[in-house]
Amino acid sequence: MAGRRLARASISAVGVWLLCALGLQATEAELPSAPAELPGGAACLSRFTSGVPSFVLDTEASVSNGATFLGSPTARRGWDCVRSCCTTQNCNLALVELQPDGGEDAISACFLMNCLYEQNFVCKFAPKEGFINYLTQELYRSYRELRTRGFGGSRIPRIWMGIDLKVQLQKPLVLNEADNTDWHLLQGDSDVRVERKRPEEVELWGLKEGTYLFQLTRTDSDQPEETANLTITVLTAKQTEDYCLASYKVGRCRGSFPRWYYDPKEQICKSFTFGGCLGNKNNYLREEECMLACKDVQGISPKRHHPVCSGSCHATQFRCSNGCCIDGFLECDDTPDCPDGSDEATCEKYTSGFDELQNIHFLSDKGYCAELPDTGFCKENIPRWYYNPFSERCARFTYGGCYGNKNNFEEEQQCLESCRGISKKDVFGLRREGSIPTVGSAEVAIAVFLVICIIVVLTILGYCFFKNQRKEFHSPLHHPPPTPASSTVSTTEDTEHLVYNHTTQPL
């Protein structure tokens with residue numbers, strides 16, 4: 001009797017489980033999720049933060065600072081946009097525009113960006129409802145560290161702070177920097193020597209091709225100690241081709257951003273106008289960077305490499321429709337390089353996507369009021385005022401005389417009038433982040449459905465088991481005669497403080 005009851009319970013449980021499995025299969029068929037081992041799978045999704053809502057990218061300011069537009073793929077949901085970011089080289093920001101009345105996570109547009117320029121976070125944002133920003137964890141940490149530093153370690157030359165400085169092999173490499181700064185080698189050939197012959201110059205001897213990581217520490221008797229990291233990359237001959245000998249590339253997008261490129265014929269850096277996307281590495285924000293990377297370089301533009309049609313493409317390469325590989329910067333340069341011409345076939349998607357991103361309007365034109373005060377790259381001592389959105393007041397800082405940002409006023413009253421109404425709610429990343437859609441709403445429904453099915457099956461089995469035990473306890477004790485078919489049935493059950501520093505020194 002007990003065996004029959006348990007068998008009936010098992011059949012019922014199996015029946016429920018089969019119904020659940022069929023329902024799950026139907027749900028999965030509707031909206032499949034990417035496997036964890038694929039580039040757009042769960043391992044990729046875990047690299048991103050939860051979405052930062054109600055802010056949109058200030059495209060003009062971001063690209064002017066060095067951010068790069070990477071594309072605008074078609075996507076139905078926010079997390080589809082993130083998956084596209086996972087499979088796009090250098091993508092660290094997926095910006096989505098929500099679809100009005102489209103349901104949870106339904107979107108109308110997806111934009112992919114690289115918000116790093118030489119390891120510095122350079123994207124700017126403005127408050128606007130209807131948008132969500134998904135950043136990689138690494139990028140978000142970089143942003144939080146930038147905010148936490150306040151003035152960003154202003155007594156250490158900002159031109160060197162946290163960046164990857166490209167240089168030619170020189171004996172020695174001479175850099176301008178502030179006095180009282182100690183250099184400590186963290187990574188690279190230990191034969192390198194740091195010498196100081198002038199108060200505001202440092203000489204690096206023994207550099208070889210490769211990468212060096214230095215920690216700069218500024219110590220003053222009247223100020224707290226400050227540190228910053230500097231990466232120096234001594235370019236190889238192959239890298240020099242890309243950074244110095246390649247012809248400058250405006251790109252397909254129709255923006256207008258001043259940049260510098262190196263002209264190896266005249267051995268000087270020249271200005272040009274960058275369109276905003278699909279550039280190459282001979283593209284610098286500042287003339288000083290350009291000259292340091294390409295000092296005294298001579299030569300001609302490298303020959304165009306033939307497509308490689310065997311093996312898989314590297315991350316820096318463009319994959320042609322027929323499977324061949326070409327250098328990534330050859331995409332959309334008005335010259336077909338793929339045998340099938342596919343590198344020039346879909347360039348309009350970049351143009352239209354960037355135009356759409358540029359045409360997103362936001363009400364506030366006071367985004368600079370939420371920026372940290374910037375002393376710039378020069379070393380003058382000019383008293384200025386900056387606006388603090390946390391206190392909603394203006395405070396003094398010392399401006400170095402060049403570069404910097406617009407949160408820079410000659411008079412306190414001018415500062416207050418220009419930034420009236422700006423508060424901490426206008427600072428990107430401070431508002432409560434949206435829920436983490438590590439899976440889409442369909443995947444969430446699947447998970448809930450599975451849990452319910454498991455609970456139902458376990459409840460049926462448990463109920464039948466205890467009911468059977470109770471009946472056996474109340475029945476007379478007797479031992480039925482053994483039969484050859486009798487057997488024993490056993491069951492086993494396996495079950496982030498942002499600060500504004502009020503003391504700044506010039507660079």
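The chain as shown is numbered from 1 upward.
Just so it is clear, glycine is given a Cβ too, placed from its N, Cα and C backbone atoms.
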According to the record in Swiss-Prot, which candidate from Cys294, Cys309, Cys313 pairs with Cys244 in a disulphide?
Cys294
For the domain 'LDL-receptor class A' (312-348), find every same-chain residue at least 6 residues outside the stretch whose CB is under 8 Å from a CB in it, and list them.
89, 242, 246, 249, 251-252, 278-281, 304-305
Note the mean pLDDT of the domain 'BPTI/Kunitz inhibitor 2' (369-419), expressed as a whole number.
90
If I take the alpha carbons of Cys415 (disulfide bond) and Cys369 (disulfide bond), what is the distance between them in whole Å?
9
With DSSP helix as H/G/I and strand as E/B, how many residues of the domain 'MANSC' (51-134) fall in helix, strand and coil?
15 helix, 40 strand, 29 coil
Using DSSP, break the domain 'LDL-receptor class A' (312-348) down into helix, strand and coil residues and give each count.
7 helix, 6 strand, 24 coil
Over all shown protein chains, what is the count of other CB atoms within 10 A of the CB belonging to Cys369 (disulfide bond)?
24
Assigned element (helix, strand, coil) containing Cys394 (disulfide bond), judged by DSSP:
strand
